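This report refers to the structure that appears directly beneath it.
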Amino acid sequence: MPTINQLVRKGRRDKIAKVKTAALKGSPQRRGVCTRVYTTTPKKPNSALRKVARVKLTSQVEVTAYIPGEGHNLQEHSMVLVRGGRVKDLPGVRYKIIRGSLDTQGVKNRKQARSRYGAKKEKS
């Protein structure tokens, strides 16, 4: 417990909020190369095979990123764009791959929320 005099001299130190997407180094997105593409199972109440990729970013950090949407064309050495955003039922997955940019194709036959999955508007 500091004395009044110590507080006058030094003051209190502000708490620093922990950055949730440290690997992006303050950028909205980062480019990276897939080093491994695989499936993993989610936490307890859920059951599925979630598609994830291990990505080496341009910031020299290797992260695990989720591949959203149904079906994908990613394989090892694919160039991808990674954004922040965790997947609640996959521990350690704090990034998502942006569909429809670089080597990642958009989701086929997507009608709603197309911009999130890089799907072009179909001609009617």
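Cβ atoms are placed via backbone N, Cα and C, with glycine included.
Per Swiss-Prot, the range carrying the annotation region 'Disordered' out of 25-44, 105-124 is 105-124.
Note: the region 'Disordered' (105-124) comprises 4 helix, 0 strand, 16 coil (DSSP; helix = H, G, I, strand = E, B).
Same-chain residues lying 6+ beyond the ends of the region 'Disordered' (105-124) with a Cβ under 8 Å from its Cβ atoms: 68-73, 98-99. Taking Cβ-Cβ distances under 8 Å and a sequence gap of 6 or more within the same chain, the neighbours of Asp89 (3-methylthioaspartic acid) are Pro42, Lys43, Asn46, Arg50.
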